[in-house]
């Protein structure tokens, strides 16, 4: 019995569900029950009947699942799989901003720690951030940790005043305008598709901007045959499954989030077999963080 069959057998025996983000390696995406972006997976984790969730992603995703469903066992196969951007936001810094802007609503990207979520009014993802900001009555918004997503939403909601945290995704931030222009010159008629975690200069030369799920939907529904995909290359697995006749180009030929790529089938199998790497959150902290995630599902549409 190969490891894939072992995982499927074990999953059935334990009554577990496997969730995987689009940035996971293809083998993990293929064995998962659900593959999606952060918002979609958070909804699945909240609503699923299974009491054991194996979350193949990074730590903040598994923590969000536990915050929403404390009665469920949430396993993160590789505990070291963190998020550099999430670590850029601190409780102390946010508390100071809240003191300086007492009338502002705090909107935190889901790519943030449980501690930051606990100090926030509402959480958001790249796919629902605009809806959430529009649904807030307050005009002043503290947005963290991603300055790029924040500035993108600011452009979409000009009636709001944003105080942006100076955080960013190291994978998306590394992309330079010159590389995109080079690819455009080399491939006539190519469409440029970017994640809002990209810098403004990249967004400004893109044909479409959206979350991972929105990127996949856009490409799947497009009659165009060539695309520059400016996000973590894990999305290519889904794009190639749905568009075998289409050509995809990644800046520099490589956009990899090392944390997202840590989880292997062996890690998945062993964590489920041994029931290791369970997410544990202090109940007082969880309740505070729960409010921001509850509001996300309420206001996110």
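Please read every residue number as a count from 1 along the shown chain.
Heads up, the Cβ atoms here are built off N, Cα and C, so glycines get one too.
Counting every protein chain shown, the Cβ of residue 109 (iminosuccinate binding site) has 29 other Cβ atoms within 10 Å. The iminosuccinate binding site feature in Swiss-Prot is assigned to 21, 38, 109, 110, 111, 126, 195, 196, 197, 212.
Taken from Swiss-Prot, the feature [4Fe-4S] cluster binding site covers 83, 169, 257. If you draw a 10 Å sphere around the CB of residue 257 ([4Fe-4S] cluster binding site), it holds 22 other CB atoms from the protein chains shown.
When the record's iminosuccinate-binding residues 21, 38, 109, 110, 111, 126, 195, 196, 197, 212 are compared pairwise by CA position, the greatest distance found is 17 Å. Residue 83 ([4Fe-4S] cluster binding site) has a Cβ environment of 22 other Cβ atoms inside 10 Å. Proximity note: of the listed binding-site residues (83, 169, 257), 169 have a CA within 10 Å of the CA of residue 197 (iminosuccinate binding site), given in sequence order. Same-chain residues with CB within 8 A of the center of the 83, 169, 257 CB atoms, the [4Fe-4S] cluster site residues themselves not counted, are 58, 84, 85, 86, 111, 170, 171, 172, 232, 259, 260. In the three-state DSSP scheme, residue 197 (iminosuccinate binding site) is classed as coil.
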